[in-house]
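One structure below.
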Amino acid sequence: MEYHHRPHSPPPSDDDVVVIQMNAAAIAAVDEWSSTNEVDDAAAGKGGGLTRRTFSQAYKMKHRTPLEFTWRQVALLSFQSLGVVYGDLGTSPLYVFSSISLDDPGEADFVGILSIILWTFTMICLVKYVFIVLKADDHGEGGTFALYSLLRQHVNFKGNMPVPVTHLASDINLKFHSKKRILTSKLLKFLEQSTKWQAVITYIVLAGTCMVLGDGALTPAISVLSAVQGIQSRSSSITQAHVVLLSVIILFILFFFQKHGTSKVSFTFSPIMILWFTFVAFIGLYNIIKHYPPILKAVSPHYIIIYFIRNKRAAWETLGAIVLCITGAEAMFADLGHFNKSSIQMAFSVIVYPSMILAYAGQAAFLVKNPSKLSTTFYSSTPEPLFWPMFIIATLAAIVASQALISASFSIIRQSIALGCFPRVTMKHTSGKHEGQVYSPEINYFLMVACILITVGFKGGPEIGQAFGVAVIFVMLFTTNLMTVVMLIIWESNIALASLFFVFFFSIEGIYMTSLMNKILQGGWVPFAITAFFLIITLSWTYGRSKKGEYELANVMEREEFIKTVTTRSRVPGVCIFCTDMMNGIPPIVRHYVQHVASLRELMVFVTIRVLPVRTVLPEERFIIDKLEPVGVYRCIVQYGYMDNHNMEGDDYVASVIASLKEIAENDDEILVLDSALINGSTFVLGRTIIKMGTRHNCLKRFFINNLYRFLQKNFRSNMSSLKINPGKTLQVGMLYEI
């Protein structure tokens, strides 16, 4: 059996596209990566000089090669990143100090709190994310899935993973991303042999992803509430109920206009954030000079010790509010794909970092002289002539921060769907220029309802800050764990250095987590509830898909049976596209189909959509074509990256497949047959399977399959819906899988 990559240009070199020919037995072996690489390692270790080809060497793509930017281009990207990346992080001064509860605080307390903020902000945002985590990109893409993608490219994940593994023999040399030779390490071998730890890593990724969705519901609520609360200081007749109502109206309008996209107004986001950073920096500097210039002594960490000695348990409890100063730090990594490392680093170092330090220092200086204003720190510390300009800018900045998290939620769901670990929902592209701008009505309405309920439920109290902090710190803990594995396996860092990274940052984040766990009943349960909701959907979907795959593999239609069945049926002109999740073998639903039809099309193509653990796939690598038996039967694997758009029209798709088949045709007669089949029309056959789990399985498994998975399968879109097939050309074949 031969797999052919569809060419659209002159034959590429070995460094561009891998074209490997393997026999059928090799293709069926899901452990082919592991066994082949072990042989290569053994040979290399004995001095044979054999070195495994790396992922980037074997699967190199021009648009994955890092681009060179001039300093002007980097500066422009830095400016643009302010409105996308730093909205959440930049608006933290709205609510950090006001979320702190402390009895009778004095000068030493505010200096200590500021010292904690300064060092936390510096260590987490600057050192961890800007200097370290940003380097762990997947061909320019960042975020939790990018880290997971890197690991999947280097570690052979086996077994029934929540995120499906799709092995082909042609992938043997497509495994690695690093340009360095991958050494056989004990950790690598351990991970490749331990399905339990592979599952742990995968569950961390899924949980972290779901936690970000919780962040997407909490950020708009706390940002808008904190910005609008300032209006209470203008009139005693304005109550908290009025603030909540105004916040709900703003949030409703924000979510309502998501369907129109942000392309028409996104150009204003960066100017708004520039104004915001300028205002908070100068107001902070003003407060330092006017109220308490010595506040800058907080750079000395010994004031942290003094603060904890003075306040003991109360100091530990305030950490749950102080952690809000680093909300949005994860966005620097998650939004990396929209910019580049240099631009994000420049924007943070030149604008964001100094502005935030001045803002927090100014608020602390103000509180030293006005400790009673702790609950209304932000607006109370704003000079009277600047109140209304600041109120307007703060509200706009809160909307920008909210928009960034909402857009990130859509993007995360899109990546989850692409990797097969979330049921397909409607994804609409809201911009013709920027493919990353997508909108999902289902996710949008869920976030809107959750956000409004959170706003009404918490009413702007300190509990909403505690809930927000839980979501923030857990995502950071997940990143710390994944980064440690990346440092050891991919970067091949010294184990002492990787251990230092893990211990240092896990300790900081762990201390914050212990404080937040104390607040679970006071609001910290909200992000866990949202995470649990999405995680149940994810696990139900992936577990059901894995059981479906197991059944199809166990009941695959044998080659001899298929040939006999096809040759005994009459053939009629046209093309029949069988859509299947299987890349190897004939699924059992085909047996069910041919038993109920009198004739078959002269051209039959089994099509599988496959998502590779890379950001995007070039058009010339989109199709892998294979001839099957008998004559007129083919297999086509359509490859996408997890950030690619599956937006191919049904008719265009058939034409592309036929064009690919013609390129591997052996003679002119075969080309004529293909052209004739295309002219005579096409039919898409989709399987509609229902899985029923028997009583021999436990109640929990039966509930996941017979109830949750069946509900998701019934109410969400099918995997082939992205092909936009004409319903008049579609035939659905139903079949019951009893497992």
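Glycine is treated like the rest: Cβ placed from N, Cα and C.
Judged by membrane topology as recorded in Swiss-Prot, Pro105 shares a side of the membrane with Phe468.
Contact count against the transmembrane segment (520-540) (Cβ pairs under 8 Å) is highest for 199-219, out of 113-133, 199-219, 269-289, 470-490. The list of residues near the transmembrane segment (470-490) in space but at least 6 beyond its ends in sequence, with Cβ under 8 angstroms from a Cβ of it, reads 124, 128, 132-133, 136, 144, 147-148, 150-151, 154-155, 177-178, 185, 187-188, 191, 201, 204-205, 207-208, 211-212, 214-215, 218, 323-324, 326-327, 329-330, 333, 497-498, 501-502, 505-506, 509-510, 512-513, 516, 519-520, 524, 526-528, 531.
When the stretches 269-289, 319-339, 386-406, 495-515 are ranked by Cβ pairs under 8 Å to the transmembrane segment (113-133), first place goes to 319-339.
Model confidence over the topological domain 'Cytoplasmic' (407-437) is summarised by a mean pLDDT of 74.
Within the same chain, the transmembrane segment (386-406) stays apart from the transmembrane segment (495-515): fewer than three Cβ pairs sit under 8 Å, each pair at least 6 residues apart.
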